[in-house]
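Features reported for this protein in Swiss-Prot:
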{"type": "ACT_SITE", "residues": "Cys153", "note": "active site, nucleophile"}
{"type": "BINDING", "residues": "Arg11, Ile12, Asp33, Arg77, Ser119, Asn317", "note": "NAD(+) binding site"}
{"type": "BINDING", "residues": "Ser152, Cys153, Thr154, Thr183, Thr212, Gly213, Arg235", "note": "D-glyceraldehyde 3-phosphate binding site"}
{"type": "SITE", "residues": "His180", "note": "site 'Activates thiol group during catalysis'"}
Amino acid sequence: MLKIGINGFGRIGRLVARIAMANPQVTLVGINDLVPASNLAYLFKYDSTHGSYGGTVVAKEEGIVIDDQFIPCFSQRNPAQLPWGDLGADYVVESTGLFTTYATAENHLKAGAKRVIISAPSKDPEKIPTFVVGVNHLNYNADTDKIVSNASCTTNCLAPIAKILDDNFGIVEGLMTTVHAMTATQPTVDGPSKKDFRGGRGAAQNIIPSSTGAAKAAALVLPQLKGKLTGMAFRVPTPNVSVVDLTFKTEKATSYEEICAAMKTAAEGELKGILGYTADDVVSMDFRTDPRSSIFDAGAGIGLNSNFFKVVSWYDNEWGYSCRVIDLMLTMASKDGLV
């Protein structure tokens, strides 16, 4: 049995908790968030995007009870002061978005956790290894990897298709665009935004060009693609589900039909459950609460010639990503002898 704690009970933290509650190999032993337990229980039970939780949720003064299991809640600003050791937490999911360097994430280890999984790109990629399930997760080293990053939701969508493309046809270079659902960092109406003026515009009113490191980060899990991919984002007024558009040149002359065939083979074989394949006339909300990292849309891509193509792949940027957090932890726990 893998015992986990969650630091930061926002969109990802709550969905990781839902998925953990449904997995008999995982038990949730503690939550840390500055929000009171009564509000955390409410937000866990009712979800505007993924629907209400199917079990029972009751708020207590010092925690929440989910399906008759009491889970203590804490409100510590400094992770080093959390009682992870006393709770027996094997792993901690760091999902505040704040502690993404080695020095800050290490505080969970000082508090007694054995491993830390950051649910975001790391700001110390040279110290903290990045893993994408289905691509390089088996490279986890139980002796050295105490803090790891699960990359971003977009990298989790991009990396599997980039791997299949590079393995089969070779990628010379490529440009990625993610059309990304709005997130909690965006304001509902126009307001100030210190680093990114456009990012301060109303999320529900605008298509907003933005930066993303997701394409470059793919090289952290596929080193052979270093310097070959970059990308940008459009934030759009939808609540959930995003889509990657990858335009690329191939080393090997091929056809769009051959690319689709390679994706279908991978989706039904080595990447089953991670990569999906569809030829249906689908739209974004058809993928709400889809547990896969990336769903290749055969009908949406195009080819210009035998070496220049565009492929399209969908992802539930909340649920699919949260599923991979659990999957990565279970892979690590297997190597650590915990499950």
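Think of each number as a place in line: the chain as shown, counted from 1.
Glycine is treated like the rest: Cβ placed from N, Cα and C.
Taking the features listed in Swiss-Prot, we show where each one sits on the structure.
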residue	record	CB count, 10 Å
Arg11	NAD(+) binding site	22
Asp33	NAD(+) binding site	22
Arg77	NAD(+) binding site	8
Ser152	D-glyceraldehyde 3-phosphate binding site	21
Cys153	active site, nucleophile	28
Thr154	D-glyceraldehyde 3-phosphate binding site	27
Thr183	D-glyceraldehyde 3-phosphate binding site	16
Thr212	D-glyceraldehyde 3-phosphate binding site	22
Arg235	D-glyceraldehyde 3-phosphate binding site	24
Asn317	NAD(+) binding site	24
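With respect to their backbone Cα atoms, Thr154 (D-glyceraldehyde 3-phosphate binding site) and Arg11 (NAD(+) binding site) stand 16 Å from each other. For Ile12 (NAD(+) binding site), the same-chain residues that are 6 or more apart in sequence and have a Cβ closer than 8 Å to its Cβ are Val93, Ser95, Ser119, Glu318, Tyr321, Ser322, Val325. Using Cα positions, the member of the recorded positions Arg11, Asp33, Cys153 nearest to Arg235 (D-glyceraldehyde 3-phosphate binding site) is identified as Cys153. Non-local neighbourhood of Gly213 (D-glyceraldehyde 3-phosphate binding site): Pro121, Ser152, each in the same chain, at least six residues away, with C-beta under 8 Å from its C-beta. Taking only the Cα positions, the spacing between Thr212 (D-glyceraldehyde 3-phosphate binding site) and Asp33 (NAD(+) binding site) is 27 angstrom.
When the binding-site residues Asp33, Arg77, Asn317 are screened for a C-alpha within 10 angstroms of the C-alpha of His180 (site 'Activates thiol group during catalysis'), the residues that qualify, in sequence order, are Asn317. In the three-state DSSP scheme, Thr154 (D-glyceraldehyde 3-phosphate binding site) falls into the helix class.
For the pair Thr183 (D-glyceraldehyde 3-phosphate binding site) and Arg77 (NAD(+) binding site), the Cα-Cα distance reads 23 Å.
Counting only the Cα atoms, the space from the residue listed as 'active site, nucleophile' to Asn317 (NAD(+) binding site) is about 5 angstrom. The record gives Ser152, Cys153, Thr154, Thr183, Thr212, Gly213, Arg235 for D-glyceraldehyde 3-phosphate. Within 8 Å of the mean position of their Cβ atoms, the other Cβ atoms in that chain belong to Thr178, His180, Ala214, Ala233, Ser242, Asn317.
Its own atom aside, the Cβ of Ser119 (NAD(+) binding site) has 29 Cβ atoms within 10 angstroms in the protein chains shown.
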